[in-house]
Amino acid sequence: MSALGPWIPLESNPEVFNKWAQRAGLVTKKDAFGDVYGLDDELLDIVPQPTKAVILLFPDVREAKAHQKQEDAKIAKDGQPHLDPTIYYAKQTIGNACGTIALIHALANSNVNWDPSSPLHNFIVETKDKTPEERASLLESRPLFANIHAETAQDGQTAPNIDTDLHFVCFVAAPDADLRSVAKGEKEAKDVVPGESESDTGMRLVELDGRRPGPIDHGVCKNLLKDVAKLVKERYLSQTESVYFSLMALGPPLLD
């Protein structure tokens, strides 16, 4: 972890996340974060489409950490052949900065509209060829992001609390690396793993958590929002009885 002290956590609130994004240069009239009110299809269907990214807040309980450790060990052993190597991923080295890291992951890996002078877009372009650790170091060294985070953390509806066991992660849809290789002629179709890349969308559901070793490939993605909802039910809600879960989707803003 960084020698810097922990930041004030961001509140899981679309208004707060949109203020952060706007300060960082997102054109929020085109793309914005909104609440996801439940995991059932009828509630998912009212979320404006297309969904470009999903941010999850969940309790960082012992069971979740144990599952993550097992998952990381399996990935280290087996690899992730379908994971797109061009996904923008940064490590989290500052305490309570998971909200800002999730925002960066969501916006960097989505086709969003930027203000021409956007500091975040400039940072993403500047660090495109850096390692996740180098991106984290540069993020620490830029007062801009600490200032945006601090200003936004004060905008929440609840009193700021540094001591929290809640954690933000981001989900995006990314191209299947195997199918991309076939399209480029770098790999023959017969070399693609059967049953894994056979998807109409050619996309993968990817989890981005700055505390993990890297991006996590959760398999074929056919509908980002509904696939995340299914994953949350199976892998997160099943591990705890806590009610401190929330989802936000990045996509077209709701019309007034």
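Count begins at 1; order follows the chain as displayed.
Positions of Cβ are set from backbone N, Cα and C atoms, glycine also.
Automated prediction, rather than curation, is the source of TrEMBL annotations.
Per TrEMBL, these features apply:
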| type | residues | note |
| --- | --- | --- |
| DOMAIN | 6-252 | domain 'UCH catalytic' |
| SITE | GLN92 | site 'Transition state stabilizer' |
| ACT_SITE | CYS98 | active site, nucleophile |
| ACT_SITE | HIS167 | active site, proton donor |
| SITE | ASP209 | site 'Important for enzyme activity' |
(request) Tell me the Cβ contacts of ASP209 (site 'Important for enzyme activity') under 8 Å, same chain only and six or more apart in sequence, or just say none. (result) GLN92, CYS98, HIS167, VAL169, CYS170, ILE216
(request) Take the Cβ of GLN92 (site 'Transition state stabilizer') and count every other Cβ within 10 Å, whichever protein chain it belongs to. (result) 24
(request) Tell me, if you would, which residue among CYS98, HIS167 (active-site residues) has the fewest other CB atoms within 10 Å in the structure shown? (result) HIS167
